[in-house]
Amino acid sequence: MNYQQATWEQETEGGEAVNEPLLSEKRMETVSHEDVDLPDELVRDELTLPEPAEPEVASHYTRLSQMNYSVEHGPYPLGSCTMKYNPKFIEDVAALEDAAMHPDRPEADAQGTLTLLYRLQEYLAEIGGMETVTLQPPAGAAGEFTGLLVARAYHRSNDEDAERREVIVPASAHGTNFASAAMAGYDVVELPSNEDGRVPVDALEEAVGESTAALMLTNPNTLGLFERDIEDIAETVHEAGGLLYYDGANLNALLGRARPGDMGFDIMHYNVHKTFASPHGGGGPGAGPIGVIDELTEFLPDPHVRKADDGSFELSEPAESVGKVHGFHGNWLVLLKTYAYISRLGDAGLKDTSAMAVLNANYLASQIDLDIPYEPFHHEFVASAGDVDAAEFAKGMLDEGVHPPTTKWPEIVDEALMTEPTEALNKDQLDILAEAFTAASRKTPEQLAAAPTTTAAARIDQTGAARNPRLSWRDLEGNDE
Amino acid sequence: MTMQRIQHDEGDRTHEPAESSPFAPQTPQEVEEMLSAIGAESVEELFDVPEAVAFDGDFDIDAKSEFEVVTEIEELLGRNADRTEFLGRGHYDHYVPSVVDYLSLRSEFLTSYTQYQPETSQGFLQALFEFQSMIVELTGLPVANCSMYDAATALGEAATLAARVRDTSGSRVLVPETIRSERRSVLENYTEGAELTVGTYPLVDGNVDLDALTELFDDDIVMVYAESPTARGAIEERLPSIATLADDHEAAFCLGSDPVALALLQEPAAVGADIVIGDASVLGLSASYGMGLGLFAVKQAYLRQVPGRLVGTSKTADGRRAYTLTLQTREQHIRKERATSNICTNQAWVALRTAIHIASLGASGLSALAEDCVTTAAEAAARLNDIDGISAPVDDRHHFREFVARTNRPATEVVSELAEKGFLVHEAGEFEVQVCVTETNSGDLDDLVAAVREVLG
């Protein structure tokens, strides 16, 4: 495929070659506050910011957008990120005037919003097989953190918090699992995978005990494999008095086929920006609702949307709530988009989503001539770039007009290419993506080192960026003072 | 490219309830071809789920057409009462120009993700670099990240950062007694894992009580937090003294503010702030039920301990300036349990919107907006103060956007009677209400004043 990303190559006044000048290199203005009725010592001397006219703003950001690859350009198979199509109508729903509301509105004045949030809680509980859901955590990692706060509150209620100081995390887990456990004050115990890429039950039996607070697990795991021993795993953790936490990053594989609650999980988070199509927005916002079993319901964050006896909806504080994990009610607009997506799809659409996601991953894998050491995988697979550095391999794929997979992780596969096409690609696009793998694998090391050549920027010196951090336009030469 | 024959009776996909996902494009024929390439008989065969944990039930969620979903949500949200909000206390409604929507909703921005491949993501990276730069201009601090979730989580991250950067151990964080209880609760959840506790210091007449704070301060304090404007809308006048106290005890001084206030008020760097947090989505998002954008800026010495994404510049192989995520060894996907934070997905798209909003206002537009926040609050307070039965502002300070008024009847009654007349204000104390005015509701101020006169006059 011939592909060329847009760019507007030019030189700044300082003689530096750029793709599009910074706003600060166009027109800056310095203003001071002459007439404001405040004592001088409370007022800043001056303020310097860009001062573009609206046509210039529009042109600047339109150009920037065209130097940015997105889901709507084509395949974006980042593993564990679920880069699926984001329906347009959910944006219109989020833009409804009645959605724009202050978070401190009394419950009686917010019944529409609370009804919708309550229904979304119910939908997610049903989909995950959990008893109760809170929508407050603003991202997946925030959901993990919240889930561990709930676990801690539970152990504290049993007077076991002082002993249960460990969270067990499989080596192949998402990096956030480790970090969330540490933030919640836990010691992390890393559990290596067994030779078929799954959690080794015998090693888990050794690892659990009176110090175990929880085991965090994603299923299918990051290799796309279903943890077939999940019932034994759950029993092992529960017998030791620990809780089982489900990382929902890979839920797109299982909609309507298996539910974390039925597998024995006690706490789970949902990544709505992955599974339920709210847009990724260049890094967020997402939302990370968590679901819990009945026994943990009263530990959920405050407030929780509940149905009152008179049928109205209220914000209530669970009896033993962990308190708050967001200043208000979480990422409301994202939750609204999630509700719209789930309502559109219904049972049949949700089940079809996972069916097509798994079909797409398996078909794509069948068209790629690289070693895929672990199977049977579901919505994603991890191929090995073999003797080639996976990061270099990815740069080679960029020139084929696709986004490459997640690279060099999980580490259990050498030079990993973690690939998740999602349900949203048709067969032609999957073939194009497969050809991109093939094209990259045929490139010589020299060709890969010279890649990419079709993107707005050629290969970027990342080490240089870290060695000498320039983090604002003030840090750039010729632009300070 | 093949054309698919659509049976006439299948109708338009966007107007029929989905029997399959309307966002999965595979035709039945393609499914057959794909299965055959895989060597499988059916899609079901591809699922390796043990029967004991398989789910064969239904969620009982009916599929709907796009029109039905939109209609349903319009109807639902229409149940929200139609009231004019004079609400603030950490969440504000400024007018967002149309250009922000049109540009930020471009799918190139909206449907991309974290810039793991910088060569093909220069546009978003540059926009985030410009966002960081704007925050640097507003705070005077040299390092700003791409975003935290909101002000409360940013405050939590600030506290744990403050504990990490300190040479000596400490165990306490001090916050103003007027902090929103929700913000404090989030902070306490963040500090618990780091074995820090949170205490409060009193305010006097709307600003920090310096004598009391001095009394409370010792070397066990890792961070002191102050707000300007405060949750009661007062501009804090004693920031330099708080900074000095913090310095004397090797504590970090964290200031809570927002980009509109920062455009007018003394630069945080100039008053001695080490960290600035706040909600940057006061520009970029209109009232959104509390969804925010955590602003996070620090002094240079804290750079390696910053949570979240940072965009820096570098060079391409052919010598051009380029942008890339940098110092990623701080982050969870590299450093795991030793990362500075667990944050991965953040509020990047909101940061884009905030940057576009700031750019479209420009230095002069933003500056004028900030000045209006002082003028309008003062005018509104003066008008309410003219009414018998209410005095405003309670705190003898300068105010920004909002202020507290004292009522001669219980605030609960006043708030609910005003709501019946179509106006929402906060209950700020037993005989105190809080009123927030921006350009989006100042046109309704006459009506609010008339309603207050009826309720209290």
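Glycine is treated like the rest: Cβ placed from N, Cα and C.
Values in this document were obtained by computation on a predicted structure and should not be read as measured data.
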Per TrEMBL record, range annotated region 'Disordered' [choices A:262-287, A:392-417, A:444-469]: A:444-469
Segment assigned the feature region 'Disordered' in TrEMBL (from A:1-20, A:21-40, A:61-80): A:1-20
The domain 'Glycine dehydrogenase C-terminal' (A:354-441): DSSP-derived helix, strand, coil residue counts: 37 helix, 12 strand, 39 coil
Summary of DSSP states over the region 'Disordered' (A:1-20), given as helix, strand and coil counts: 0 helix, 4 strand, 16 coil
